[in-house]
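Per TrEMBL, the features are as follows:
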- 1-329: domain 'Major facilitator superfamily (MFS) profile' (DOMAIN)
- 46-71: transmembrane segment (TRANSMEM)
- 77-94: transmembrane segment (TRANSMEM)
- 138-160: transmembrane segment (TRANSMEM)
- 180-201: transmembrane segment (TRANSMEM)
- 213-230: transmembrane segment (TRANSMEM)
- 236-257: transmembrane segment (TRANSMEM)
- 269-291: transmembrane segment (TRANSMEM)
- 303-324: transmembrane segment (TRANSMEM)
Amino acid sequence: MEFDHIWLIHLYRFVQGSVEAITVPALNGVVSPWTPAYQRSQLMTLAYAGVYFSPAVASITTGACLCYVSWSSIMYIYGGAGVVWSVFYAFFAFQSPEKHPGLCEAERAIFLSHSSSTPSKTLVQKTPWCKILTSMPVWAMFVGAFCRCFVFVMLIMQVQQYYKDVYPHLNSAMIGLLSGIPHVFMVVLMLIGGNVFDYLVNKNLLSRTNSRKLAETLGFGVMGACILAIGFLNDYVVVAVLFCVGVAFSAFSISGYQLNPLDLAPKFVGPLTGISRTGTAGSIVSTLLAAKTVGETHKLLDWHNLFIVGGSLHLAGVLFYCIFASGNIQPWAQPESETLIGAPSDTQRINASTEGSGIETPKAKTAKTTSNYGAFQDSIY
């Protein structure tokens with residue numbers, strides 16, 4: 001593209017970023033009604049697995065296309081995949097079990113009886129922005145997202161250039177393979193971690209708060225240590241192994257800060273996810289830092305400094321999260337009015353639809369105070 005038209009690329013990237021900004025909050029808003037509390041880590045890590053598996057596929061595919069097809073083929077492949085996914089999502093994604101036309105009443109009853117959200121007589125409750133923005137667990141979630149985005153974008157956008165600058169004998173296909181393999185290991189451990197942390201909570205071996213902190217410590221701690229070590233190495237084989245170990249263990253952090261919106265405020269999961277996503281500012285800082293250092297010199301020493309900064313930031317993020325994070329619903333997120341647990345209308349409808357089906361449905365209960373709601377929430381996790 002000619003230089004006179006470079007503004008079109010900037011405009012396209014701006015529009016792309018703007019429309020993609022709402023996808024993760026929308027994902028959490030859709031997943032929440034479908035997620036039983038006792039399977040929260042499992043289902044959320046499964047949902048996020050695609051986010052982190054895609055870089056593995058993209059790195060390997062991009063390297064192969066650059067070597068054996070053409071650079072423009074990459075645009076057609078990814079653009080086409082996005083269109084196909086959009087059509088698939090539009091037809092098969094539904095806001096809640098109640099709105100899914102493909103569920104029979106017996107199946108719908110199962111979801112309603114294990115739902116992690118609670119129907120309330122209060123149809124609209126104002127978002128307590130002041131309390132949200134002054135909540136330290138929310139800030140711990142933001143710090144986790146910031147640190148994650150800083151290193152994740154560095155891995156996606158800078159590691160290929162690092163291999164090219166420091167190890168020029170590697171071709172594009174090999175660089176793509178080395179960059180993509182760590183994310184494959186990450187997806188595997190992500191799915192395992194979701195089951196492990198749910199098991200620890202469901203068996204009362206760990207509280208939700210300690211489970212989230214353990215996940216974050218394993219994820220960010222090992223990742224930070226590996227990135228920090230790479231800042232002192234000059235052997236691409238050892239570097240590749242450390243990338244695989246660090247990126248793989250970072251999968252556990254998904255069961256930490258990324259599940260916090262559902263923990264802290266199920267009713268306000270959309271706004272909290274939006275706040276968490278502002279942690280993508282870390283990716284901006286990471287990109288600018290790389291551009292001002294290795295982007296100008298391409299020297300090994302500057303690459304080492306960048307990795308040292310990234311590793312240190314991850315370890316600092318672990319410390320902050322372990323001090324201030326929580327896995328419990330916050331006082332400002334609890335209903336201010338009477339809450340129905342299994343509202344009569346829902347219960348009657350479920351009982352009528354499941355009569356004779358052998359499915360046992362919960363009886364209607366009423367939690368008349370905020371403290372009763374908290375006791376209910378503690379009992380279902």
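Note that Cβ sites are derived from N, Cα and C of the backbone, with glycine treated the same way.
On a predicted model such as this, the values are computed, not experimentally measured, just so you know.
For the transmembrane segment (213-230), the list of distant contacts is 144, 147-148, 151, 193, 197, 200, 206, 239, 242-243, 245-247, 249-257, 304, 307-308, 310-315, 317-318, 321-322, 325: same-chain residues at least six beyond its ends, Cβ to Cβ under 8 Å.
Averaged across the domain 'Major facilitator superfamily (MFS) profile' (1-329), pLDDT in this predicted model comes to 83.
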